[in-house]
Amino acid sequence: MERKFGEVILDLQNISLRFGGVKALTDISFNVREHEIRAIIGPNGAGKSSMLNVINGVYHPQEGQILFRGQQRQKMEPHMAATQGIARTFQNIALFKGMSVLDNIMTGRNLMMNSNILQMALYWGAAQREEIAHREKVEEIIDFLEIQSVRKTPVGQLPYGLQKRVELGRALAAEPTMLLLDEPMAGMNVEEKQDMCRFILDVNDQFGTTIVLIEHDMGVVMDISDRVVVLDYGKKIGDGVPEEVRNNEDVISAYLGTSH
Amino acid sequence: MLYRENGQFKTSYAADQQIFPILQDRWAIALLLVVAFVVMPMVGSEYFFRAILIPFLILSLAALGLNILVGYCGQISLGTGAFMAVGAYAAYNFMVRIDGMPLIAAMLLGGLCATIIGVLFGIPSLRIKGLYLAVATLAAQFFTDWAFLRINWFTNYSTSGSVSVGNLSVFGIPIDSPVSKYLFCLVVVCVFALLAKNLVRSAIGRQWMAIRDMDVAAAVIGIRPVYAKLTAFAVSSFIVGVAGVLWAFVYLGAWEPAAFSIDRSFQLLFMVIIGGLGSISGAFLGAAFMVLLPIVLDQLPHWLGIPMSTATIAHLVHIIFGALIVFFLIVEPHGLAKLWSVGKQKLRLWPFPH
């Protein structure tokens, strides 16, 4: 299968992140190209989630540079990352529990809704048209993720697998150029994992979205990702296409341990 | 069996997004409005308007405003009384100092002043959360108590510290009789309830709820916490300020700062919690519970013909009222509005369990 990757869209250079004396990330560099599925793997506590938090501005690294679409950024807030087209899902589901599936996904489009507060209070003209136009887009996402039957259910009442799907929907609603997925398949059974893989590949394929993915299921990672970066104790120990990484000595010892 | 939505198909998103998507609900609300606007003015007694309906409506409006802040945006506030006071005193000053100031304009300007003060005291919410924020908003309460008592300019140098307004009128119609006061409050409450409902079902309402439910995730999808929290404070204190104007002008007529003491803040917060956080109807149910129930309990022995001294009744009312609060919170911690919607859900399926 021949796939076309674009330019480097995200370039991380010598990133170091500390919390007091704890070094979460040490001198990590890697890049992500347009339209690729880039996996980040590593044992527990390797710094994978911290890496995602650095990319979308929740954490600010003490050292290093981040170039997104050629633009350097030093310190940015999460909502600025969102305006630049970076969306994400969380390891522990971070949905808005009190709201329906529909409202959760609609919230993902809030950056594109521009009516002012008075128009909204009257719910008339532009505000209502906008609400309906975005509802149409959201319904497309609901169709895509096959969650039509639960659209009005409060998300707190949904089973775990569906909640993960709704969270993906909320991220997709923003029509991101880059999607960060933090363990999208954790705790799922085989069928649910297959569904989720299908959605991720379809998103990548149909919308051309660049995907950065953290996942523990090696089968999934090796199957769907284009390139893999391996972290251990906050350091990068491997980077490359799945076959390369699979045969990397450091990676094998990090996962299986070494004999002394 | 009557409450069924079978066969009510929606063919457009506009139809699906209306406030009451179920036909029977629309009929019920229309009936309620007819009763409130037409039947009540014909049959209600003066006592009924003055002591029950008017305070119920005004406190519903204040609870509605507070519910936007506490229920929808998740920011606990104990400064509601203060924002009501700001609205009332600001509107009073506009009335006294500007000749021919129309009542509606004074009311809205009072609301705007409450908005400014509300946003100012909302700024700490950007740093502190939950109970700590509640304590911080107490500052607003103490500050306004002090300001309206000590700074005589606000009370137009009234010697007694008490101020009053008279001769209220709207578009040339005098607001003096209990019925006209009731209808004026009813119109204001209906308009604000509709506006508030529209806000909470729009993008801004979803931003508030997102901040309430999970603020990190909200920030990551592009919601600015500063904007969401401060707009919630602004909208909430505007409505609360308008309720303060009504409370002072229409219900009390003459008042002093004690009318908006910390007791009022607590009472409103309890209304919102018992009525249902994050629900428009919850504000009305909560206000009804807190205003109507003590009166009903008070009158009950009389209606049933049980001979009982007034002192005994007063004690019993306190005991039973307290017990009922505990009972309802145990049965449904999410408030009367949730109880109501669960009931409706059951009714849709009745007589089948699923």
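Glycine is no exception: its Cβ is also placed from the backbone N, Cα and C atoms.
Features as listed in TrEMBL:
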TRANSMEM  B:27-43  transmembrane segment
TRANSMEM  B:49-69  transmembrane segment
TRANSMEM  B:76-95  transmembrane segment
TRANSMEM  B:101-123  transmembrane segment
TRANSMEM  B:130-149  transmembrane segment
TRANSMEM  B:179-196  transmembrane segment
TRANSMEM  B:233-254  transmembrane segment
TRANSMEM  B:266-293  transmembrane segment
TRANSMEM  B:313-331  transmembrane segment
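For the transmembrane segment (B:179-196), the partner stretch with the highest count of Cβ pairs under 8 angstroms, out of B:49-69, B:130-149, B:233-254, is B:49-69. Residues 75, 79, 82-84, 86-92, 94-95, 136-137, 139-140, 144, 168-170, 175, 188, 229-230, 232-242, 244-246, 249 of the same chain, all 6+ positions outside the transmembrane segment (B:101-123), place their C-beta atoms under 8 angstroms from a C-beta of that stretch. Panel annotation: around the transmembrane segment (B:266-293), residues 52, 55-56, 59-64, 66-67, 70-72, 76-78, 80-81, 193, 196-197, 200, 209, 212, 321, 324-325, 328-329, 334-338, 340 of the same chain, lying at least six beyond its termini, place a Cβ under 8 Å from a Cβ of the stretch. Sequence-distant contacts of the transmembrane segment (B:76-95) (same chain, at least 6 residues past either end, Cβ-Cβ under 8 Å): 62, 65-66, 69-70, 101, 103, 105-107, 109-114, 117-118, 121, 130-131, 133-135, 137-141, 143-145, 148, 154-156, 163, 165, 236-237, 240-245, 247-249, 255, 257, 259-266, 268-269.
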